[in-house]
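Single-structure report; data block below.
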Amino acid sequence: MTRVKVDLANNSYDVMVEAGALENAANHLAPHLSNSRAFIISDSNVGPAYVPKLVSQLNAEGIKTKTLELPAGEGTKNWQTLEKLTDWLLENGIERADTVAALGGGVIGDLTGFAASIIKRGCNFVQIPTSLLAQVDSSVGGKTAINSAAGKNLVGSFKQPKFVLIDPLVLGTLPDRELRAGYAEVVKYGLIDRPEFFVWCEQNGGKLLGGDPEALSYAIVQSVSAKAAIVAEDEKELTGKRALLNLGHTFGHALEAETGYSSTLVHGEAVAAGMALAFHYSVRRGHCDNAAAERVEAHLKQSSLPHSLSSASVHATGQRLVDHMLLDKKMSGGTLPFLLANGIGQTFLAQDVDLHDVAAFLDHSE
Ligand SMILES: NC(=O)c1ccc[n+]([C@@H]2O[C@H](COP(=O)([O-])OP(=O)(O)OC[C@H]3O[C@@H](n4cnc5c(N)ncnc54)[C@H](O)[C@@H]3O)[C@@H](O)[C@H]2O)c1
Ligand SMILES: O=C(O)C(=O)C[C@@H](O)[C@H](O)[C@H](O)COP(=O)(O)O
Ligand SMILES: [Zn+2]
């Protein structure tokens, strides 16, 4: 069992990683429930597989439960489902000291966290992430959001969970494509500031994607630790430090918008292609040598992840993709800071990027 502390000025919390933790979830969760009622939100894939076991355990410990199962997929992170979820919480008599538990991937975590942050101006919240992406990234750090007509994650809040319970064994039922998508965010930590972890990924990514439990647990703990360290320095993305976690996302979110937030390209896949583009764009600007960008692309390709526009099934013009980027939350004073790299593990925030040049770069990218 490993515990990683997310050390914040207020509301610090632990992330617990333990194979089989779900078998003992009631004991792990009980100390973090401020009273004995939990509202468990899951989706149509995760619910049938894991809710009955969790509920019977919690009930056996005297914790009362209500459960809601939402449709699986990115389309659920919207206003309509937020309304459905908050109405359901209110109809079921939620009180501020009750706990809302997100049991699922990043979609359920982001949506449920947002609901927990606004219901009665905020109630207790815990995360039980079940996808690799949610275990290595979205369950930690407190970003919550829904997508709006204008774009990705544009309506949301910071709502730190009280506790995050990670059981890597649940990844056994995760579809292979989703495991790979989550792996993109694992690789991201190596590319940001942990070059030795990127080398580990190059050497062990194949084992991890084959479901090797040791490789998965190691990657989860390393990823959570990397994210916790960055979030502890800049919880609300005010100094530029936390923005590093956005590596590949300015390109990636534009690709997701272009493919309609659909199963054509899921978030982790878009981030994979976005990171390859960020490295190649860094080469174009003279920050990074071509060999580093080729190495990043090769590892993503080897991991059967999108690593270019065409492998992400995107054939839009550069200007069209830049138009999507104009909605990025990092936009400030009409300019868009970009996460670029001087090399592997040397990501930085560039403030002087010319969006016409980005469009031209994308027009010349394959
Ligand atoms: N808040 C953050 O910091 C943060 C970080 C990264 C990503 N995100 C967001 O997270 C979302 C992507 O998360 P995701 O990749 O987990 O997508 P997701 O929640 O859609 O889950 C992927 C798929 O896997 C299924 N699934 C999850 N766990 C399973 C399991 N154990 N067994 C079987 N099926 C399972 C889900 O039902 C879904 O079909 C995006 O909306 C992204 O914007 C947020
Ligand atoms: O936690 C963060 O900070 C991240 O940027 C993590 C990203 O992987 C995640 O996709 C996040 O939701 C993107 O943030 P956004 O502010 O661009 O919506
Ligand atoms: Zn992401």
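The backbone N, Cα and C atoms fix where each Cβ goes, and this holds for glycine too.
Listed features, source TrEMBL:
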- Gly106, Val107, Ile108, Gly109, Asp110, Thr130, Ser131, Lys143, Lys152: NAD(+) binding site (BINDING)
- Glu185, His249, His267: Zn(2+) binding site (BINDING)
- 68-180: domain '3-dehydroquinate synthase N-terminal' (DOMAIN)
- 182-330: domain '3-dehydroquinate synthase C-terminal' (DOMAIN)
I'd like the Cβ neighbour count for Lys152 (NAD(+) binding site), meaning other Cβ atoms within 10 Å of its Cβ, all protein chains included. 23
Roughly how many Å lie between the Cα atoms of Ser131 (NAD(+) binding site) and Glu185 (Zn(2+) binding site), rounded to a whole value? 12
Which one is it: of the binding-site residues Glu185, His249, His267, whose Cα lies the shortest distance from the Cα of Asp110 (NAD(+) binding site)? His267
Work out how many Å separate His249 (Zn(2+) binding site) and Ile108 (NAD(+) binding site) at their Cα atoms, rounded off. 20
For Ile108 (NAD(+) binding site), just count the other CB atoms lying within 10 A of its CB, please. 30
Quick note, Glu185 (Zn(2+) binding site) and Gly106 (NAD(+) binding site): C-alpha atoms separated, nearest Å, by 12
Give the distance between the Cα atoms of Lys152 (NAD(+) binding site) and His267 (Zn(2+) binding site), rounded to the nearest whole Å. 10
Pop the Cα-Cα gap between Gly106 (NAD(+) binding site) and His267 (Zn(2+) binding site) into the table, whole Å please. 9
Three-class DSSP assignment, Asp110 (NAD(+) binding site), comes back as helix
Should we count any of the binding-site residues Ile108, Asp110, His249 as near ligand 2, judged by a CB under 6 A from one of its atoms, and which? His249
Per DSSP, to which secondary structure element type does Lys152 (NAD(+) binding site) belong, with helix, strand and coil as the options? strand
Whose Cβ lies within 8 Å of the mean position of the Cβ atoms of Glu185, His249, His267, the Zn(2+) site, other than those residues? Leu133, Asp137, Ala184, Lys188, Gly248, Gly252, Gly268, Ala270, Val271, Gly274
I'm checking region-level scores; what's the whole-number mean pLDDT for the domain '3-dehydroquinate synthase C-terminal' (182-330)? 98
Suppose we draw a 10 Å sphere around the Cβ of His267 (Zn(2+) binding site). How many other Cβ atoms does it contain, all chains included? 26
